[in-house]
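Take a look at the structure below.
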């Protein structure tokens, strides 16, 4: 066991390099214990040690910085636990307590103190453990924020600054300001030229994203640094070039149009002579005719020339013909040549202009961002780092550094390999990295006053072999600079406590092979000028050293026997002579084989053929799914392997370093829900929300919503209710209501990964509530969510579940860093992404300075692209080092000679694994790959090779039956929920007292009853009537909207204003219903002028109404009402003996709400009027009294009208002093709008007796124990 945690000098600058699994956190915790005890001072023990920090420290004095936030909390807990363990050890009364066996290092630490001091040491350690909540353990960003606040006077910053985690919106404002400043003042041609570079400010913002994240980098174009500044001359030349190209295209088009037939004839005659390389496919008739069709379309102006690829090839300079043939002469071909030359010039100017604009925009936007944040007392994460760094290098920097040094005399920087230049400058400025410790040079003339006798310590801990976060700004060159500055103070942890002896030996073999045989060493930092065998550490700042192993007691068995530690699965393409695979085929073959092997292992586990054997105790622990991790690079690889696992009956969970909850399907569906809540009147928006996978409506139900207007109205009413709840109570209550209404939790939990999906939904709902508290309006929240969905960030990571640990872990390699797994599969380790400019801006270093190459193509900046690709390969070597050191027992690697596209030769040497095997030499085929891997295997028994062929294997879970126990009876009374119900709630079927059942979807049985009660008319309606007007939810909503608009404008006024009526009918044209305008116009006039009563009877006329109100809403209290009592009452009074669907049991306890289409006063009585757009048949005969009654009962409109009448009854009872139901209420009527021409006028009027309304009123108040005698049998009759 390494003694470094006890012997490391706790003074000056020290660098600890900790290889994977060597106990880095353990070491930090023990160093912390030493600092608390003041260990290493001559007076701390009988021995004469002098490697400690002079005074004992307390937790607030010791700065510990790590990455990220979760790691800081874990480190705090580990240190606290170690302090408690140490305190317990020092409480011993005798050294013979067996501590040297249980914890040798802690025993050695205790032995360095005289026994008389043990009790005081225990007290000091206990106090420190209790003080850990105040310990200075945090991320670099949190610590910088704290320093800026605590030292506001020295730093020149405000005491209070708001942290903005997501700068997207602020950046958008800055980019928009830049656009206004630079583009708006331009002339039209110049502005058009700018727009051709960036369609909009949003496109510019996307182009700037990487550049703004790396403000420390120098922007270069073809290797030359770019300066921000005026680019108007270049823009003018670019604009002129574009205009010249447009002019030449116009000339070419004119020449073509003047002689099109002759040009086509010339091309047909010349077809046999056309060069087949340039005109690929010229011999194919369909292809050739397609080219001529493209030429015709271009000539007509239907496509631009830069999209007409064939036409471009006809330019005289590009028109290639076979030997002996001549290129035709015509003004058309010459004009195309002129266009080609102008277009090439235009492309050249654009390639030069674009980087210049980006450099100017990056500089301007960066400064504007800083100004905006400062003006609003805000800052982003990078501003914390930048702010402290600037303060330390400013006028008061020396004093600030001294005060921070006094506050934290000792700092330990964990994961130092991921530090960026700005972060390093902070610690270098405070602790003077590399400066001699005070004890080494007490007389050293330091720049800082009174520092000579105040020692400090800066301990840098990391592993440069695991520096993989370049995409986040982590800079290995910064680490190497610190390594150089701390020469003579380097230490290493070189014993692996994570993995088995064999696993450590296998990794050693792979990397030592590369270190010894490749001229640049394993990690590609060695001086290639020196022979591989003569390389010294001084010439290689990042060498690989052999790591020792502490070993593990258990042994992994697979296939019934101990397995090797590093197994290569040799995958090949049987259809390729060299066995090479392109990337897509590699993903497919590797996924299939990996999933087959895992399924086989887990099947064997049930028979004790796969698991962990402990030789000492003879125990065997079967392998579980949660023991297996599959490491991938990105979401595409994760999708491939998860699909393969799923096909074999295996469930997995995906964990990504960039695994934001906004990147999930649930986030996308939530966005659709919010849009529908905000605008439920939009048919397309609501239809999209209802069709989301998370909502989970079956196809039959979605089809019913398309065809059944009542069902559509019900869904629309639900979302109107959600909007109201959102506006009055917040988005979280609205979303919880939706989840309950559609029974989403219960349905999700019955499905695979349902717990994960439900957790995502609840997480998103809470985020939405928090975000809405700081936003203005519904649409602001929708816009913010849309931005997060489009560009998922890192601040809202997916919440992890305990059940995730029981599944196969599919993890990105980045996310796996710091973690360990019993078994690791790396099916896609041969993949790589060469730097081509397609996947981001090439980044490389020159004299340790980061450079961003803005040239769009490699041929324009070959050196920069090659340097960037060289750094890419080096980082990928470090990435697979991380991947290969995660396993405790065994790692399985998918090996294949990877090729690009349809090429015959593999390009595996460009990958990290290819480099480790061959050092950059080509591995052209399967044989070469097999040979290289076999060399490793010959030298190390822990490495082996297996064929990558396996039969399809499905997972067969072992089931154990346990007798079930009878359910326990609840010992408490059921809770009666308080909720807001509506008419829709009473259509629910079978649910037991949900919180709000108004949105329950009618079941299949109910749908069958409805279909049986309302047979379909198969006749075609007359085109000129309302019967032919479109049917369905959309048209129904449209007709309701028309009637609401008529009421809002005044029924009489619309009738007198033909122009207003015409404008209303324009709505039909916008929906493509022009053919129905005459019928609808005639229908509107009838609705307004014909009495709403059967022919020959009196009734209200809309155009003559003086007092009415459209769409009034009502709310009234309910107290324990149950639907069976309400249903029974309605059946006895309204159309007794007539069949109708039963209402499912519900209990109404809270409020009942609803919307009445129209309340109208006629002859001193108030009427409830409800419009119905239902299609009952193809002509007026379909709207007879019996048909309307059947529809009313089938849809349970009888209950709807009864509730509306109770609402009116309660309202009038409270507002009219002499209210009398018989005298003041005219009744209710359903108006089937399409039947206005029938003798019935489409009107179904009812007026229940007073006894019914009062009985229903009492029923809704919970008094349903007795039912009043029925004194009237209601039939459909006139109300006046």
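Cβ from N, Cα, C; glycine included.
Listed in TrEMBL:
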- 1-930: region 'DNA-binding and helicase activity, interacts with RecC' (REGION)
- 1-500: domain 'UvrD-like helicase ATP-binding' (DOMAIN)
- 18, 19, 20, 21, 22, 23, 24, 25: ATP binding site (BINDING)
- 545-818: domain 'UvrD-like helicase C-terminal' (DOMAIN)
- 977-1280: region 'Nuclease activity, interacts with RecD and RecA' (REGION)
- 1040, 1157, 1170: Mg(2+) binding site (BINDING)
- 1170: active site, for nuclease activity (ACT_SITE)
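Around residue 22 (ATP binding site), taking its Cβ as the centre, 24 other Cβ atoms fall within 10 Å, counting all chains.
Of the listed binding-site residues 18, 20, the Cβ environment within 10 Å is emptiest of other Cβ atoms at 20. A coil conformation is recorded for residue 20 (ATP binding site) in the three-state DSSP classification, outside any helix or strand. Using the Cβ center of 1040, 1157, 1170 for Mg(2+), the list of other same-chain residues with Cβ within 8 Å runs, in sequence order, 1043, 1111, 1156, 1158, 1169, 1171, 1172, 1231. Between the CA atoms of residue 25 (ATP binding site) and residue 1157 (Mg(2+) binding site) there is a gap of 70 Å.
Classification of residue 1040 (Mg(2+) binding site) by DSSP places it within a helix. Using CA atoms as reference points, the binding-site residues 1040, 1157, 1170 were checked against residue 20 (ATP binding site), and the closest is 1040. Surrounding the centroid of the Cβ atoms of 18, 19, 20, 21, 22, 23, 24, 25, where the record places ATP, the chain contributes additional residues within 8 Å, namely 27, 463, 493, 496, 497, 498. In the three-state DSSP classification, residue 1157 (Mg(2+) binding site) falls within coil.
According to DSSP, residue 25 (ATP binding site) is assigned to a helical segment. Counted within 10 Å of its Cβ, the other Cβ atoms near residue 1157 (Mg(2+) binding site) come to 19, all protein chains included.
Within 10 Å of the Cβ of residue 1040 (Mg(2+) binding site) there are 20 other Cβ atoms, across all protein chains.
With respect to their backbone Cα atoms, residue 24 (ATP binding site) and residue 1157 (Mg(2+) binding site) stand 72 Å from each other. Between the C-alpha atoms of residue 18 (ATP binding site) and residue 1040 (Mg(2+) binding site), the distance comes to 73 Å.
Compared over the binding-site residues 19, 25, the count of CB atoms lying within 10 A of a residue's CB peaks at 19.
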